[in-house]
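Structure record follows, encoded as structure tokens.
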Amino acid sequence: MAHRSPSPSPAPVDTIDLLAPSLCLNPDAIADLAPVQPSEHNLLPSTFPTLTWSEQSSLHHNVSLGEKRLCYRHRPDLRSKRAADESQLEELQQDIRLLPSHDQQIISHIWSLFGSAPASHRQLVLSGLLTQCCVPQLSFLSNHLQPLLRIDFLTILPPEISLRILSYLDATSLCHAAQVCKSWKRLADDDVVWHRMCEQHIGLKCTKCGWGLPLLEKKKVRAKRQQLSYPSYIQEVAEVQALPLQIDTAVSSHPSPSPSASPSSPNFPSRRRSASSDLESDSRSTKRARHDSRSPSPSYNSNDYPAPLFQSPVPPAKPEGTTKRLWKDIYSERLIVERNWRKRNYKVKQFRGHTDGVMCLQFDDSFLITGSYDNSVKVWNVETGECLRTLTGHALCVRALHFDEAKLITGSMDRTLKIWNYHTGQCIRTLQGHTDGVVTLDFDSRILASGSVDATIKIWNFATGQCSTLKGHDDLVNKVQIYKKDFLFSTSDDTTVKLWDIAAGVCLRTFSGHTGRVQSLQTSGEALISIIANRRHDKFAALEPASQGSNAVVSRGRATSPAYESSSSDSEARTTRSIVVTGGLDNTLKIWDVETGACLNTLFGHEEGVWSLAFDKLRIVSGSLDKTIKVWDTESGECLYTLSGPEGPVTCVGLGDTKVVGGSADGSVFLWDYGARM
């Protein structure tokens, strides 16, 4: 065969143009690719065989491309996201440029044939190549195939499925996922994912990781209150007429409910409720009083009770338009506070002004109010520590106080209770009915409960002015707390804790277990608390006598406690229940199951009697006569650490999402702030 005369060498062909079509991820470009034919431009020898696939195979290949869904590597919409292939393409280009032009064309022809082959032919070609590969080539393939088989599943899956997958990650893993690429960051930062994360952790302990985040709900309440026309609201409170009230102290100890004459007062916007409840209470407060068959209402003459105990003015209308925060920002804010709690990062603030021991206190995000043996009540600014005003009027020491948005009620050893407008310092009304000093009080939107040294509990109706009496304790009543609106808990120096039906005026259950005077108590309210309880207590609870009627009354309002979810050992299990925590002068705290009356846990650690306590879903704080405040884990009952500072016995404590406040018999008040950035 005659050889062709050599012709001038054409300009070198850019190999990127030869590689790109055969490596293109777009199958349309592969389908249009024609086999390389010998010509003067590609320098292929005339003896080089011209190879093409059969018409049947080409037709089958084109039909397959039209019918089958594109695989991950051949999706056109992902081509721009696969920078790794572009980098590899540049490396191949540099290597091929080192070869002779003849070899470059042969390699490009092989790639062209493979790129235009149907899938079945490709597998045959690869199988044949693998049989001819030596170990070094096989090792080369293994190293290069592993990264190529990785799939960006979050990008190719529908967004709903990707968000569902990410919702199972913890916060640390989500942050790591956000650092992979921009598309992962967009998904990992989505509000849906972080909303689920907040639901698992905020206000409760996560069942997966075992820790939780604080609510920080009072910040929202304060922000909304600042947006309201608050000065005019305070002025309306000050203008409430305080008409004289005469209470008949000889009321029966077992009042019978009267549905026809038991209206309840409008709801007060309470600081102790959740943020959502505060918003709802604003709208409910505009409604007129309704008749409530559960309110204690013995028969009375309307002339004897000319006016309600207290009229709450209508709060200003809620502002329209609220700024929506990202759930990730909310989670981050609470995570900082939780880390401060765990690492004991806090700032200590001291309030001094009382000349005698501080016996009671309450605080929110704006105000701290304290009552003392110096017969006065002081209102403090929580942030600045400034004493805003001092309320005087009691003849003896102030032992109890409680406040909400509109009013402050104090109880004193002078046998009286006083209702104050603490924004102005005005005393609105004085209530008389106890025959000895008032030691404790609690109220909600309908009633006020007070306990006294005379061993009785009085229930005052805000709307009607009625007063009824509960008798059953053998010694002075140290603490009362309203539970689920219709029930009342009380503790006494007779070492017992009692649960009362307010409307019926009867004691439903007596909790016995303390060996000393029971000084303090707090219930979980409507919330279910996750705890680790000893199963032996449940066996004992089954042996305790309890009437069927009592169980039915206590259980009203929520379903029976769920079964044990997961067992940590043979003797312990985690469950969620309504609980009550008590502290006594026997140096212990006890956690009780409200429904069964069983003692779930006893906390030891204080060297002297426990005088005061407070708790939420995450932790318990207790103040003792040993001059310390201890922080406990609510679920396990483990003592986390001890706060010191007061030089005298700790007589009262308060707990918030970011703060612990303790009052001492030496007249000082200490505040530990965990919300401040260190």
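Cβ atoms here come from the backbone N, Cα and C positions, even for glycine.
Because TrEMBL annotations are produced automatically, they should be read as predictions rather than curated entries.
According to DSSP, the secondary structure content of the domain 'F-box' (151-197) in residues is 33 helix, 0 strand, 14 coil. For 151-197, the entry in TrEMBL reads domain 'F-box'.
Annotated region 'Disordered' per TrEMBL: 250-322 (among others), in sequence order.
Under the heading compositional bias 'Low complexity', TrEMBL lists 252-269 (among others).
If you look up TrEMBL, you'll see 295-305 (among others) marked as compositional bias 'Low complexity'.
Look at TrEMBL and you will find 351-390 (among others) tagged as repeat 'WD'. Looking just at the repeat 'WD' (351-390), the mean pLDDT is 94.
Residues annotated as repeat 'WD' in TrEMBL: 391-430 (among others).
Residues or ranges marked as repeat 'WD' in TrEMBL: 431-470 (among others).
What TrEMBL lists as repeat 'WD' is 470-510 (among others).
Under the heading region 'Disordered', TrEMBL lists 551-571 (among others).
As annotated by TrEMBL, compositional bias 'Low complexity' applies to 558-570 (among others).
The repeat 'WD' annotation in TrEMBL covers 578-602 (among others).
What TrEMBL lists as repeat 'WD' is 603-642 (among others).
According to DSSP, the secondary structure content of the repeat 'WD' (643-678) in residues is 0 helix, 20 strand, 16 coil. What TrEMBL lists as repeat 'WD' is 643-678 (among others).
Same-chain neighbours of the repeat 'WD' (643-678): 214-218, 336-337, 340-341, 345-352, 354-365, 368, 370, 372, 374, 380, 382, 608, 611-616, 619, 621-631, counting only residues six or more beyond its ends whose CB sits under 8 Å from a CB of the stretch. Sequence-distant contacts of the repeat 'WD' (603-642) (same chain, six or more residues past either end, CB-CB distance under 8 Å): 203-205, 212, 214, 341, 344, 516-517, 519-522, 524, 527, 529-532, 574, 581-591, 648-655, 657, 660, 662-664. For the repeat 'WD' (603-642), the DSSP-based tally of helix, strand and coil residues reads 0 helix, 24 strand, 16 coil.
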